[in-house]
Amino acid sequence: MIYLHAIDPIAFSLGPVQVHWYGLMYLAAFFSAWALGRSRILRGRLPGVDMDGFSDLLFYGMLGVVLGGRIGYMLFYAFDTFLANPLILFKVWEGGMSFHGGLLGVLIACGLWTRRHRLHFFDVMDFVAPLVPLGLGFGRLGNFVGGELWGKFTQAGWGVIFPHAPELADWPPAQLQAQYAAGALDRFARHPSQLYEAALEGVVMFVVLWTFSMKPRARYAVSGLFALLYGVFRFIVEFVRVPDAPLGYLAFNWLTMGQILSLPLIGVGLVLLALSRRAPVLQPVVPAAAGVEAAK
């Protein structure tokens, strides 16, 4: 049944402060990463790192996600707007985050953390990779709740009518409800591409990566699988997702910026998987403190 999107993006208010679902999704993403990471730290899956060190790593990662995601969006998707008004970079409440920018931010932040702790960069990345997909899924759910990043038109029974889409943005809510009840809005239904990405980048990637990494794998393997899966899934979903308005299609009347940025990920993923065939396997070393905590 075609659904009319009518979700309030504001979860609740605390006096004058409005708490948005999108912000709560970020909290859920970071909490899931902490909970999953904690379980593996206690099992010694990142030798030499205790919970204090992991909390520090998570903080670095959070900064990388937020700063990299925002800067990446401005550079990849809204560069002209940024040049006209550089201060818009700090207006995060107006929306605009890029996964690829966030990924670069995380790589830089974790690289700094790794150098400080004198660990191999890809041992850390292999540890971090399985902690990420659930956060990606929560982020895409936030996009859906906010009614943004919608897909192309579809007549599939699971299509969603987004009132903020250009063709309906000027319609009064009462008129939308009346026309929807009469079945007159079905032609405006769109692919819920946010939910497709939540399922693929969130659920499927998490199940595959978490299961694959349950036993120690060769260095590069988990990171390579993450890059490959994300690149492929994002490239596929872009075919039913409306390209970002300022850019549109960049080539062949179908190639989007999201696909262009995903192609290098696919290549990097394949290279890392190839390198893993001759790489060492990092064996768990359970910290003494972790053993005591686990025993409790």
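Keep in mind that glycine also has a Cβ here, set from the backbone N, Cα and C atoms.
Noted in Swiss-Prot for the protein shown:
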TRANSMEM  10-30  transmembrane segment
TRANSMEM  57-77  transmembrane segment
TRANSMEM  92-112  transmembrane segment
TRANSMEM  119-139  transmembrane segment
TRANSMEM  194-214  transmembrane segment
TRANSMEM  220-240  transmembrane segment
TRANSMEM  255-275  transmembrane segment
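Just going by CB pairs under 8 A, the stretch in 57-77, 119-139, 255-275 that sits most against the transmembrane segment (194-214) is 119-139. Tallying C-beta pairs under 8 angstroms between the transmembrane segment (92-112) and each of 10-30, 57-77, 119-139, 220-240, 255-275 places 57-77 first.
Among the stretches 57-77, 119-139, 220-240, 255-275, the one making the largest number of Cβ pairs under 8 Å with the transmembrane segment (10-30) is 119-139.
Listed by sequence, the residues of this chain that lie at least six past the ends of the transmembrane segment (119-139) yet keep a Cβ under 8 A from its Cβ atoms are 25-26, 28-30, 32-33, 36-37, 40, 45-46, 48-49, 57, 61, 97, 99, 106-107, 110-111, 113, 197-199, 201-203, 205-206, 209-210, 212-213, 217, 219-223, 225-226, 230, 272, 282. Beyond the transmembrane segment (220-240), the same-chain residues lying 6 or more positions past its ends with a Cβ under 8 Å from any Cβ of the stretch are 99, 122, 125-127, 129-130, 132-133, 136, 151-152, 154, 191, 193, 196-197, 200-201, 204-205, 208-209, 212-213, 254, 256, 258-259, 262-266, 268-273, 275-276, 279. Within the chain carrying the transmembrane segment (57-77), a Cβ under 8 angstroms from the stretch's Cβ atoms is held by residues 30, 33-34, 37, 49, 88-89, 92, 96-110, 112-113, 124, 128, 244, 246-247, 257, 261, all 6 or more beyond its ends.
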